[in-house]
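Trainee: Let me give you the structure first, and then I'll get to my questions.
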Amino acid sequence: MAGFVPLLLLLLPAGPTWGSKEKCLTKMYTTSGECCKACNLGEGVVQPCGVNQTVCEPCLDSVTYSDTVSATEPCKPCTQCVGLHSMSAPCVESDDAVCRCAYGYFQDELSGSCKECSICEVGFGLMFPCRDSQDTVCEECPEGTFSDEANFVDPCLPCTICEENEVMVKECTATSDAECRDLHPRWTTHTPSLAGSDSPEPITRDPFNTEGMATTLADIVTTVMGSSQPVVSRGTADNLIPVYCSILAAVVVGLVAYIAFKRWNSCKQNKQGANNRPVNQTPSPEGEKLHSDSGISVDSQSLHDQQPPNQSTQGPAPKGDGSLYASLPPSKQEEVEKLLSSSAEETWRQLAGELGYKEDLIDCFTREESPARALLADWSAKETATLDALLVALRKIQRGDIAESLYSESTATSPV
């Protein structure tokens, strides 16, 4: 028995046993009898096994991939999505890129190419969308739905249902929606059930006569005799809000235009008053005639010649005689205007304030070529435009020199 065991060992074959071969998944062996190693997912074979063991290397992201465990397969190149194909999943080490047809196209299973999605015509709506390898599936719009556009994305839409305060002017069809409009000028209210009545009956009421009146009521309340609960029927007054806003805007614009027109008209009248007055009028060579309140005309040049040579032009402060400023000769009025305008400070503005003018009207004079002339032209048209008033105003603004110039040559009395 002891000699039988060595004999049995000699009869066993050399190399790997049958049990070890059954455990070799690749079913490939090296020359030395070793089971060949397989490359995992994301790896490719660089050198297959033979004398040596299998050599693997990782695949390059977005360039190559390997989606199998193999002892012979190298990394495979990634698929490129071109033309009408777009990439839905990128290429990684263990998976290839996934391409699909672009929006509006589907992939034909027979040819593998992308074809344009079918369109549901008017009156037909989408049942199943167009995507991947499936074309658009359309259905005819059933009753109560419609489709008024031809496309491959919209299903049949439900028809519009008119409200209680609306009336249908066009019925809904498979190709067009229903059309409704408000009940006008009548509306219908329903009375609640009263004792002894079978069912409420609609009561049609005429609207109140609102000619010449603007109403802001949004609800119309009707009460029923024998019932303390009012029945409220919504009207169409909510739609009047844009109308009210438009009216308010028109009123504001009109008010602004009216104010602008009044200011423009005031400035225009002042300008016309200044232009109507003669500017360059000089006395005639024969002498200038002055008219006093007594109606006697005196030659001012002759009176000047008759004055004694030693009489001084300076004297007591001049006093007004109650005559109007408009009675002054044009040359004297022009002299006053020049004195008011030649001052370094705006003397004419101070004078205007003393004569009772407000700032807005004074600003109108500044737009004229000669503000002082426009001021005096406007003031001289008033009944209170006397020399006395002008003298008082000039003294208040410390311009007695202009007051003296008014009477230097303008007043003269004739001997009686």
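In case you wondered, yes, glycine gets a Cβ from its N, Cα and C as well.
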Trainee: From the candidates CYS130, CYS156, CYS159, select the one that Swiss-Prot records as forming a disulfide bond with CYS141.
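Mentor: Checking Swiss-Prot: disulfide partner of CYS141 resolves to CYS156.
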Trainee: In Swiss-Prot's disulfide listing, CYS120 is paired with one of CYS101, CYS130, CYS138. Which one?
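Mentor: Answer per Swiss-Prot: CYS138.
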Trainee: With Cβ-Cβ distances below 8 Å as the criterion, list the same-chain residues six or more beyond the ends of the repeat 'TNFR-Cys 3' (100-138) that contact it, or say none.
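Mentor: Answer is 83-86, 88, 145-157, 174-175.
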Trainee: Per 10 Å Cβ neighbour count, which of the disulfide-bonded residues CYS49, CYS99, CYS162 ranks highest?
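Mentor: Max Cβ neighbours within 10 Å, all protein chains included: CYS49.
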Trainee: What Cα-Cα separation, expressed in whole Å, is found between CYS39 (disulfide bond) and CYS114 (disulfide bond)?
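Mentor: CYS39 (disulfide bond) and CYS114 (disulfide bond) have their Cα atoms 36 Å apart.
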Trainee: Measure from the CA atom of CYS130 (disulfide bond) to the CA atom of CYS81 (disulfide bond) and give the result in Å, rounded to a whole number.
Mentor: 20
Trainee: Quick check for the class: what is the C-alpha distance, in angstrom and rounded, between CYS172 (disulfide bond) and CYS49 (disulfide bond)?
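Mentor: Cα-Cα, rounded: 77 Å.
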Trainee: Restricting to the same chain and to sequence separations of six or more, state which residues have a Cβ under 8 Å from that of CYS180 (disulfide bond).
Mentor: THR160, CYS162, GLU163, GLU166, VAL167, MET168, VAL169
